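Q: Swiss-Prot feature annotations, pasted as is:
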- 14-34: transmembrane segment (TRANSMEM)
- 47-67: transmembrane segment (TRANSMEM)
- 83-103: transmembrane segment (TRANSMEM)
- 157-177: transmembrane segment (TRANSMEM)
- 195-215: transmembrane segment (TRANSMEM)
- 226-246: transmembrane segment (TRANSMEM)
- 312-332: transmembrane segment (TRANSMEM)
- 359-379: transmembrane segment (TRANSMEM)
- 385-405: transmembrane segment (TRANSMEM)
Amino acid sequence: METPAMFIKRCSRSIFLQVVIGLVIGVICGVGIPDLAVQMKPLGDGFIKLIKMLIALIVFCVVVNGISGAGDLKKVGRIGLKSVIYFEILTTIALVLGLVVAYSLGLGSGANIHLNELPAGDVALYTGRTQEIHGPVAFLMGLIPTSVFSAFAENDILQVLLFSVLFGSALNLVGEQASGVARLINEFSHIVFRIMGMIVRLAPLGVFGAVAFTTARYGVDSLSHLGALVLVFYATCLVFVMAVLGSVLRLSGVRMLPFLRYFREELMIVMGTASSDAVLPQVMRKLEHMGIRSSTVGLVIPTGYSFNLDGFSIYLTLAVVFIAHVTGTPLAMTDLVTILLVSLVTSKGAHGIPGSALVILAATLTAVPAIPVAGLVLVLSVDWFMGIGRALTNLIGNCVATVTIARWENDIDMPRAQAILDGRLEAPAKADGEPLKRSAVAGEGKLHG
């Protein structure tokens, strides 16, 4: 039987247990002493800001190190193209799934809420920002930073990714003459990852602050009005993860449950903070540790954070149909097709916009005249709770995408990956922040199909 001393010792070594404890204490604090709990918000916000502070640098280091040592630049372009095609297929499946589930269940039907009962002021906060969602040309132009420094200063990950790909490609082409620069960036990455390791140790505190504030602010009762929407959303995400992503992962030779267990610490942090940004560096590190080549991880994960938002895609079509039903708006087949086509465009602008879920939901509703935009206010009270499901599904989707594309490219050491997922090889033992050396990532350089 485990003694208290043994449990404390185990907790001191396990970020996962520390995060669970932080989450439980946060709920207790939020319910028991809400006045104090609402003041804990800076702990969660501060933790996420600390993580975001290093994301651009980590993406730069991982991508440059990966591409500069990748050898064949045609392979890098091939990975990028395959990633975009994969993302488009999977997000389309997610959008269709959300649409079909909401429509077939009649989600929200019978509520009989009249438009004049809805407070327009809250809606205006989000509809007034729909101009932030750009068209395809403006989006592509937005990938090009005004300067290298502005990309890093504004923490625009896609702009940083573009510069990193160009910089890494140039290092690759210059070759031996630039070996000193490549070595310097590699050594710099050790420092950045060490800082990240220090920050990750604060995860339990960040989760405690975020959960305590949310429980005190919204309360468990806030789910009661829109419980059906929340439950159907989570059930749909679960079906998508286990059936769709599970099948994709299985085709790559990996089982979903061991895969989820491998990322349990990161999933717990996302559950507490409702932000997948908070674990991006750790996830990239763990995927490399599984045996995936760093250049593949560095290209797929940052791109996926903007183009492969499976959880958000489910939420978008589910919420649009729910609002239509709850306001008594009849939907013809042409309306459903319009919702799907509009969502395919608007869903690609979600990452990087504050309050992006509600802003893009407003943009989608605005583009579908049959549905009243005022219905947006109906999902405001449960948006945070649904945000947890969005972030979890987005994260799992991007991890699965990385494994799948690495498998297509023979960029994964499968014996090593299976050994780690089966528990025969240990996962990174602690958040020490050390980047993984190439030999540790790819089985001394030998990759297996």
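If you go along the chain as it appears here, the first residue is 1 and each next one adds 1.
Cβ coordinates come from backbone N, Cα and C, glycine included.
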Q: If we call contact 3 or more Cβ pairs under 8 Å (sequence gap 6 or more), are the transmembrane segment (195-215) and the transmembrane segment (312-332) touching?
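A: Taking Cβ pairs at least 6 residues apart, the transmembrane segment (312-332) and the transmembrane segment (195-215) are not in contact, as fewer than 3 fall under 8 Å.
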Q: Residue list, the transmembrane segment (47-67) vs rest of chain: Cβ under 8 Å, 6 or more residues beyond ends.
A: 73, 76, 151-152, 155, 157, 160-161, 163-165, 167-169, 171-172, 182, 185-186, 188-189, 192-193, 195-196, 199, 202-203, 205-207, 209-210, 273, 275, 277-281, 284, 293-299, 302, 435
Q: Rank 14-34, 83-103, 157-177, 226-246, 312-332 by Cβ pairs under 8 Å to the transmembrane segment (385-405) and hand me the top one.
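A: Looking only at 14-34, 83-103, 157-177, 226-246, 312-332, the most contacts with the transmembrane segment (385-405) come from 226-246.
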Q: Give residue numbers and ranges for long-range contacts of the transmembrane segment (157-177): same chain, 6 or more residues beyond its ends, CB-CB under 8 A.
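A: The answer is 55-56, 59-60, 63-71, 73, 76, 142-145, 148, 150-151, 298-299, 302-303, 305-306, 351-352.
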